[in-house]
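Pulled from TrEMBL:
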ACT_SITE  Asp407  active site, 4-aspartylphosphate intermediate
BINDING   Asp407, Lys408, Thr409, Glu531, Phe572, Lys595, Arg626, Thr706, Gly707, Asp708, Arg794, Lys800, Asn824, Asp825  ATP binding site
BINDING   Asp407, Thr409, Asp821, Asp825  Mg(2+) binding site
DOMAIN    32-90  domain 'P-type ATPase N-terminal'
DOMAIN    123-240  domain 'P-type ATPase A'
DOMAIN    847-1108  domain 'P-type ATPase C-terminal'
TRANSMEM  66-81  transmembrane segment
TRANSMEM  288-311  transmembrane segment
TRANSMEM  342-361  transmembrane segment
TRANSMEM  863-884  transmembrane segment
TRANSMEM  961-983  transmembrane segment
TRANSMEM  1003-1027  transmembrane segment
TRANSMEM  1039-1062  transmembrane segment
TRANSMEM  1068-1094  transmembrane segment
Amino acid sequence: MWRWVRQQLGFDPPHQSDTRTIYIANRFPQNGLYTPQKFIDNRIISSKYTVWNFVPKNLFEQFRRVANFYFLIIFLVQLMIDTPTSPITSGLPLFFVITVTAIKQGYEDWLRHNSDNEVNGAPVYVVRSGGLVKTRSKNIRVGDIVRIAKDEIFPADLVLLSSDRLDGSCHVTTASLDGETNLKTHVAVPETAVLQTVASLDTLVAVIECQQPEADLYRFMGRMIITQQMEEIVRPLGPESLLLRGARLKNTKEIFGVAIYTGMETKMALNYKSKSQKRSAVEKSMNTFLIIYLIILISEAIISTILKYTWQAEEKWDEPWYNQKTEHQRNSSKILRFISDFLAFLVLYNFIIPISLYVTVEMQKFLGSFFIGWDLDLYHEESDQKAQVNTSDLNEELGQVEYVFTDKTGTLTENEMQFRECSINGIKYQEINGRLVSEGPTPDSSDGNLSYLNSLSHLNNLSHLTTSSSFRTSPENETELIKEHDLFFKAVSLCHTVQISNVQTDGIGDGPWQSNLAPSQLEYYASSPDEKALVEAAARIGIVFIGNSEETMEVKTLGKLERYKLLHILEFDSDRRRMSVIVQAPSGEKFLFAKGAESSILPNCVGGEIEKTRIHVDEFALKGLRTLCMAYKQLTSKEYEEIDRRLFEARTALQQREEKLADVFQFIEKNLILLGATAVEDRLQDRVRETIEGLRMAGIKVWVLTGDKHETAVSVSLSCGHFHRTMNILELINQKSDSQCAEQLRQLARRIKEDHVIQHGLVVDGTSLSLALREHEKLFMEVCRNCSAVLCCRMAPLQKAKVIRLIKISPEKPITLAVGDGANDVSMIQEAHVGIGIMGKEGRQAARNSDYAIARFKFLSKLLFVHGHFYYIRIATLVQYFFYKNVCFITPQFLYQFYCLFSQQTLYDSVYLTLYNICFTSLPILIYSLLEQHIDPHVLQSKPTLYRDISKNRQLSIKTFLYWTILGFSHAFIFFFGSYFLIGKDISLLGNGQLLKPNHQMMFGNWTFGTLVFTVMVITVTVKMALETHFWTWINHLVTWGSIIFYFVFSLFYGGILWPFLGSQNMYFVFIQLLSSGSAWFAIILMVVTCLLLDIVKKVFERQLHPTNTEKAQMEEDKGSVSSAYEFAESKHRGEDSRHLLAEACSQQDSSCVH
């Protein structure tokens, strides 16, 4: 029970050791000395609340907001002391905001509960007591043996025990985890692979020792100790044995696996970690304005309290005849009375802080985010993908971006690799129409001297070989050439992790080569598009990879099937930047084939055409091609035995396994013989150049952060327009020491200062960047800020995030945006102010961890220039308008205290106080913030320079804020003093005879005066919103004029009927009496016109004398629409004239025919 309570409260005790011991099928030792470890159950909990903690937890989270907490304090003050307004005036709006937010969050959590229940209640089959038992997913325990059938999802993290195949292998897809759709192979240890039935598994006695749960999907270390015939056999366990929860079994009938991580300790659940909360610049400005208005509120309360006591210093005002003090009041402490009066004034003026601002902003962001998903211009038809919004809190931040950091592969490019060229033994070849053509003689020469390799079958016919110098060799060398090409493409066909579906390989691996089965019919699955392109290229040349069968790799060369025994795979990792396989050829020889970046392969080579290949690799890179080098080594029996022993020891180590494996891999992958290099093309996406140029015109600096080599990255930057041909390219590469890096940075800074006119581009590699960020951040940032474009190559994922953080914390505090498509881009996407995920071919991990997801890089322009522009203008106006209308609301209340001896008498009725922000003025600004388009979207997209008008949070600057605030105060003064002098003082203006009494103030009293001020205010602030609106729809008309009509209708009903449930009704018949006076109507119209006229005149003069680029575009758009309307009318008029002339001609023709 106590453990359950601790789990519910989130206080699970930490694991006591670094490893866990799991007894398969929960067969614990019988000696009685063993104490089983405690593991959590298999329930997944993605919900935030429970029935028991929803109310306290949700209230705690909501009252962490300053405005909500402030209004709670005000409400409590109203309850505790005698205040001029009812507690309802503060409590009802607060209750409304809290309730709406709680309902929204509760509904979202209810959906999460339903999803959890569906997952936790899914049926599964578990091996217990020698048979299969059907149970629910949540009942799986650590140590249970689970049976999974084809196409089912793994319910927990399992170690594979056996499958329906003799080798114990199975295929899975991890699309729901990392988005990769390729088939991945997992294998069981040999001792358990043969246990393919429930009965045989029931005899298994084994223990698994493994690491405690961690979030890394690709890291797992453990070992299995199997007891057979009183003898213990130890087998290493790695990622290839681990089946992750959320992955799906494919192309395998069934498997058995033992649960090792369950519930919230599975790797999928550990990756649920919530991202750090991002706050937009608008939200920060809003909080600043709230603090300023809080200072204004406190100042008004202090001034009113001081003036009250100054006024009451005179005895006649301290205790007037109509307001005698009680004995308790006379004897009370002056300090307590001062505090009480201060709090009372605080309550009276508290509506200057707009509590409904928060709920309106939340609704605007939530509802407004749907427009991105609905935009057909952001829909990619080929992949059937529309834009996704994962975080609606940052909509307006799309209009404030100053730096864009983008990945290259899959983001700027298509990530569709096509084999183009290769270098074999120092000779370059191109693939043209499925043939390898060597560079040399002209391609239009006759067949007799054409330099090509149509396929390896042509190598057997030497008449097809060229007589050029590169091939003019002796027969022995020609045979050697054939062997080199054969070995090169064998390496390409064997050194990879490509998979083929079982259905496709059936019948292919056995029997003679079927000529009617073209290599193009084979569909390969690969985690890397490069690998797939290379294997497909080898198949076109003539060496076809058929697939894996048990522990062999099958290749068909010229129709002849060859089986290579797969001994070891040395997996790829980002530190080594290479992968290797050790295979045994049909002849019994053992080979190591290695593939990787030239920086990791060439230094480990001792033979082959190293220098020629290096030159070719650089030439490929200059063309923008992605390069990989291929190498091999033949192993003697003694060497292989040493390698096998070292690999076994490293892979079975529970401590520092990764370091030991890295050392062993380094030991194995040396003294290689270079075979050659491959070059594949990753072509640019559509409209990348135009998008980058548009970003530059909008004043946005674009940085490309890529893991590719220097030459390839520069070539792609030039081709996509990131670098211009006229740009001065500065380089900070291959720096070896801090001092060398600092000197190079100083030289670059001097060159930039000397060349004032030329645009500069900077290229920096990962190694040099590490040195620059270690000791010379300021100098590096100075160079970067003066460059129009920056390219960072050979970047590690964490380096990308560090660069973005460096820009974020620079003195200018610019808004950053990161865009990428792969798992290696997640860190920079989460680090930037706004993260954009490209839904590309490297999976969905970037899209899932991003704030927004789009299908193509080109959509970025509309996302920023149109949606970002609109969202920012809308919410900036919303925030300013809210503060403006609340200043208009409360300032007359403050001014009224000068006329009532600071007695804390309220000017407005409590119902009006409550409904002003909730009903009377809320809808026009909400609809404006959702639908406003101050300029046509096509104009915004075609003129990226308009983006500069809203950059650096210009619409929420202190200058703009002061303008709206002063406008609010000036309108409030007009409301108050206009009503006072037009109606309150001058009796002749009161045209209603009922008001012509000796003491008209008795009829034109407090509530009539307050209602007049309130009426003028509601009309003025609503019409002010109408003046701000450029894009009118029927919805805008409905809510704008409907709000004014609703106010009048409500006031007539509220004041025209004696409501039995109201204790006192001060407003009875007041509104009707007020509107029955013609002079009151005259005063209302005069004050509204006076308030808005000043604002209109100011705007007209500004637009004519100092128009912004946006205002110029608006005027051009207006002129264009007028001229197009005129042209339409003219054409219509001309059309009518033409029809008349045609009718007259026809009638004349008919009459002539009659005659």
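In case you wondered, yes, glycine gets a Cβ from its N, Cα and C as well.
TrEMBL does not curate its annotations; it predicts them automatically.
All features noted in TrEMBL, drawn onto the structure.
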residue	record	CB count, 10 Å
Asp407	active site, 4-aspartylphosphate intermediate	29
Thr409	ATP binding site	27
Phe572	ATP binding site	17
Arg626	ATP binding site	23
Gly707	ATP binding site	22
Arg794	ATP binding site	21
Asp821	Mg(2+) binding site	32
Asp825	Mg(2+) binding site	31
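Measuring Cα to Cα from Asp825 (Mg(2+) binding site), none of the binding-site residues Thr409, Arg626, Arg794 fall within 10 Å. Between Asp407 (active site, 4-aspartylphosphate intermediate) and Asp821 (Mg(2+) binding site), the C-alpha separation comes to 8 Å.
Applying DSSP to the domain 'P-type ATPase N-terminal' (32-90) sorts its residues as follows: 28 helix, 0 strand, 31 coil. Per-residue pLDDT, averaged across the domain 'P-type ATPase C-terminal' (847-1108), gives 83. Nearest to Asp821 (Mg(2+) binding site) in space, judged by Cα atoms and limited to the binding-site residues Thr409, Arg626, Gly707, Arg794, is Thr409. Across the domain 'P-type ATPase A' (123-240), the DSSP tally of helix, strand and coil residues reads 17 helix, 54 strand, 47 coil.
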